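Trainee: Could you have a look at this structure, given as structure tokens, before my questions?
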């Protein structure tokens, strides 16, 4: 034990950086059947072929904005872990209140 307590904050914070896998084109991981299932849940019967790429684009923009706001809340609280409450507050800020995850 280094005597710094829980969290490891303090001296020696800037260690070696880990290699991060370069992420590209992960939006294609949202498959055609997955989009189809979401549409079915929303009551859609028939789906045009052009919908899939459009849906991926819209979903990407939505997630980027929610994640950006969530990370902002996390950084302000001087944490490194994004909590469910950070996401709830980010959604609330965008006018999409979510119940059932605290607060």
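Note that Cβ sites are derived from N, Cα and C of the backbone, with glycine treated the same way.
Not my notes, these are from Swiss-Prot:
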DNA_BIND  17-21  DNA-binding region
COMPBIAS  1-14  compositional bias 'Gly residues'
MOD_RES   6  N6-acetyl-N6-methyllysine
MOD_RES   6  N6-methyllysine
MOD_RES   9  N6-methyllysine
MOD_RES   13  N6-methyllysine
MOD_RES   13  N6-acetyl-N6-methyllysine
MOD_RES   92  N6-glutaryllysine
REGION    1-20  region 'Disordered'
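I'd like these features described in context: how deep, what's nearby, how far apart.
Mentor: In this structure, residue 92 (N6-glutaryllysine) is part of a helix by DSSP. There are 13 other Cβ atoms within 10 Å of the Cβ belonging to residue 92 (N6-glutaryllysine).
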Trainee: Looking only at the DNA-binding region (17-21), what is the model's average confidence as pLDDT?
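Mentor: Over the DNA-binding region (17-21), the predicted model scores a mean pLDDT of 77.
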